[in-house]
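Written below as structure tokens is the structure these notes are about.
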């Protein structure tokens, strides 16, 4: 069997009894209907089996078997079974079938019968046995029956089937009772049977059938009686021994749902859906002795007390009631129930079972409960299919347990106290208010609002840039095991959003900047050259990157939400396991190189800290975390996990595999090491005081680190500790880059290598421990808490930071990069500032106090505590630093005199807390910003508030500028300022560049001053969320930034304007595109704004009114003709001349020729095939291959809608492979979704169909260098870019492309991973990494005044050069993604298309240009785009517009906007026009010659063209200068009449093309024009609801002789009668009228109309053609029709673009027809050529003419 074929059976009733045969091509399933033909009747098909050679067998409802070959029915095996065949099974020997008749039949491979087994006749058989499933292997047959039995039959002993399994069959199973003394269970169900089962040997012991469905059961306390409650309100009591009836009582009408015997055995309580409980005496032969009334709803549960004196009930409304027994009186005083003990507990209500209810559950969700008092266990069963085990009594409401014996984690009271650090960590949330992924969308929304505002010219981005140089910080406070040695001995770790590779010899860092938010985990490849890092994000990604090149190898996305918290590589390095931060902590196993997910599973509700893949068996892994360790193994696309068994559950912080595949060692939060074999805990060893955070396996032994700050080395069994190292200040080596904050810091990561132990601490330090003892500190940063305070020294390369971690630190900014000093503070701080001489340092604290310390020793000089709230900003006045301004969140600024240490002023008047503060140069004026975005000015030192007009503010000479408000910095606020704050700013000392930090983690540089909104900038991502402060160093050589909660201090090197490295990879350009995009072009605008709709949604082309013909009610005619008539026979409807004697109907149409090419809105869609022997292009929904020697066309017609793009595969392995993309509706993968077809141009065979999510359509396709990948771009609002493995139909990667239209995206001709997309103000350079698409915007800033234009085309050169053609006619040259050169005015108009061949690297460009001596719309350039040669296209157009170019051997193939395809010789520049077409549509007019196979077309583009069918070409064209609407030949073919859109009409002589006459009597379009058959009259029908008659015998002055009035709407079609005396008119009101010629009098007499014989019939209206209107024309119409010359057929065209062939006349509604696809929406006209050889159809939207060959039925 071919794997691509699937057959499907649809159960259906008439008329849907169809058998679709589906074929899988690419990722699309296409059904073909099974053809029943003459062989079989339509039947409901119930089952099928497939055999070789495309043979399929199917079993039908009537017992026949149908045999199919392909999609055709070959034969039927009649009466294979007596009735429906439910099951078929194929095996080596043949087929087995089973049916409703209880028989199993075996057939050989050719479906000849072998034998039959009638199960009803066997010793297990019974009447009504029906086989539902059958399986045959060797001499055993398995049979499943409708009554839930499974039999095994051995063929040679077929009368003794062996019963394997049985059960209840139909309906629901409710009744269950357990025998009081024996291991028996009784069940009863809706199948009316009661059954007794043995719980020991799992067998059915007895079965008895009752009259009614059974709903409940109970066994008496002595085990003798079995009571059954029935659905009809009765109950029956049976003897258990022999199942004989004791009594049957019916006191109720509603179902009995609960019954119970009292513990003393004397009473039976029966609860019914009648809301009451009846009490019966057992000994009195079940006489009714009492009744409990009190419930307002049906009774659900009951329990007796142990002394049988009380009964408690639950009902459907959730009430719990108590009754005295046996009277049934309700107990109102609850006091007397206090001491009652219950004999059983099956109720769902009451304090004892409060805890069984999950949150949000409904009162009837739990169906059954039973308590086991001895073992204090409760079991519940609910509507979700779960059985839960809980403690009894179950008081509190949280006892949630999972089914499948996973313990629930709720009520384990013996869990040890959680360590504070872990507690803190489990409560961290990594959710963001705004994720970076949301920005494009937010930006668009904000832009929409902004578009209304007038835009000033935006400020340019600054010339200089910064580059990340060094980061002080390491993320240890909430991450573990994230620190490793690389292959080369460098150290890799992460902090903020950066992967850091640190060289300890040179003390330098290199950075991986691919992430855009906090990295949470890091794992290293076994070869120590690649690293995987996982980040925070709505769709969090994992990057695998190379530590040498710092390039991403693969990016894994699409599975984890919120963040990725743990990663691990397999031992072979091929797999990667990851754990997400979503609520289920999903675990995913990846093949990371391919970017494919291998398996995924929900990990656990609690946080997972670590995941490890088994180094010996890569299909196994472990996860450990809060209160659990789980052992997993891969099973298909999932993972199966089991919890480690350890009695009490501890939180595990780390885990590693040991020396064999089953040994696992895990570290707990209490300091123990657990040693596991498989899933079983072998022993525990006390290793540390407090949690064990990290462990590392060595060849012979382990190393562990814990909260106690001890590093311990162990032997390989954890028997003994070999050595411990304490991390203490005393052993810090002299080469350290900083200071230990405290002894024994908590250790979070340990790694070994290069003779050292590498240790990461919670305090953000990275230390290297030498095996002999000394410890070197390599990197450090602040500890947990936000860092806000930052100050740079006035004349030394130093800076100070202060953080919420209660430390003040001094850092060296020179290349030694170390922390020079640190001081602990009693409170955290948010601001600091050096005095102007650099000797003192002021620090503001969070409790409202501040201190001034000595800048060298950090010892206190003075401190004050005047405020209650945070001190937010602190500043010395310039000069000698006489004053200190201290701003607080209490909205005040206090001014102190530093010398006298007194407060001398207070600035009042702010309403919100103060965020920024600056002095002027004189030390007399303060500028203040508040959190409510207010700006205030105060005079120093008194603090009096000043009002300064904006114009004056700029004139003030400010000593520093760190404010974010005011006109001079207006441009720093982004478009999306609603969701993000600019938190800090700092102006460089040379006043040229302003740096800002914001809430999204961006550092941006602006050119100062920044007037006007939305200035352009350079932006850098390295911090994760908030950049809290930015400062320039004293000489502007460095920029330092601090990152709030990422605890980092980052140092950026400032690269001034002149010094520019090409590697500007860190910077991103601004977000808003400039408004000036280099010009406007009508063609580009049209192409951008066009919206494509699918044909199925087409609406009327003409503005019709009224009721559609098939919905009109016929008025009954007065004299229905008597059955036998003496009247004359009815005349012919149509004059059938010139067909010869034998009239033959037409049975089929075959597409022969297409005149047309889609060049006006599509590009790059003409290509050479077979070394230039053929060309390929497209129009409408047809792909066309044209052979240049024979001019023969062949067609690919599998598209269901318009083709928008076409490309060919250049790889020699895939010769003539073409991809075409089409219009589609929504991207929901349904049949109307857009799709891409990959097909063979020569055989026209479809190789793959890719249904895609590009709603709207596919506008560009491109094959990769190897030919295996296909790139597509959509017209959806996101303009998605997708990469496919087209042979498998698999989507490799997909990404949002751009907010505006992308025109073209192409792979680099030498690459499978790099491509470029261009579009409206857009050029992007993309890389495929695994399954992720990474992209870079083109960087323009390297060229002065370059601006982002609309890019229309792309070509490639050697050495990573890319060329893009722009709307203004320039060509941009890019090296990687940096603009290096602009070729100005390569064309005078837009450069629409470019083409490169790898053979010689020459580049062809095509654009829009007036032909001149020097220039043309087509140019051939050298490889560098330096020199060119222009070609003139001899088309006679004023402006040539080239839309597609392709280069073959010495020839260039050009497609133009005017629908021509031209071949140009490179040497002689000779032009040869290969294809012509109308350039603008619709083509309204169509006229076929009365005696030759030529025809005329007239279109909106103002041309009339003459086409020759045998010659397959355009013979002539006439430019009329106005759009033409209709055209017609005279009966002799010597004249042509043309009706124009402006109301004029022209008559030409065919021989000379001279105008014989013209006239304009109307002002609106002429819709149809006709010569009368006797050539005397000309009828002209117009939009003014009139038909004018002209007498041609009066000569060319064309005076109107008469006209038809009272036409209800515009005229559509007209036909003369054969005798030229009448004319029929079809109108826009769906009415057909008949008039006399030439008087113009209307004829209403139906009998008279019936007698007319028409010369032609082109009307879509009339009783004779009512059948051409289909059911689904509610929005769209049949637009045109034509009856064949033989009068036997009619062809129609409609708004859906279909050509249909009917018999004529077709007076019955919804007549049978054949349909032919190919056109786009809206056919405008259709005609038969003379002799009915061909049908010509004219397209509206597609501007194309299709010529169909008529296939006549044989004689």
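Keep in mind that glycine also has a Cβ here, set from the backbone N, Cα and C atoms.
Computed from a predicted structure; not experimentally measured.
TrEMBL lists region 'Disordered' for one of the ranges 1042-1062, 1063-1083, 1084-1104, 1105-1125, namely 1063-1083. Comparison of 173-399, 787-1053, 1193-1463, 1483-1750 by number of C-beta pairs under 8 angstroms to the domain 'EML-like first beta-propeller' (508-768) places 1193-1463 first. Counting only same-chain residues 6+ beyond the ends of the repeat 'WD' (1020-1052), those with a CB under 8 A from a CB of the stretch are 432, 466-473, 475, 477, 495-498, 511, 513, 516-518, 536, 764, 781-797, 799, 801, 803, 805, 811, 813, 817, 983-990, 993, 995-1004, 1066-1068. Note on the repeat 'WD' (95-110): DSSP counts are 0 helix, 11 strand, 5 coil.
Within the chain carrying the repeat 'WD' (95-110), a Cβ under 8 angstroms from the stretch's Cβ atoms is held by residues 47, 49, 51, 57, 59, 63, 65, 80-89, 116-120, 125, 128-136, 141, 143, 153, all 6 or more beyond its ends. Mean pLDDT, taken over the domain 'EML-like second beta-propeller' (1483-1750), works out to 91 on the 0 to 100 scale.
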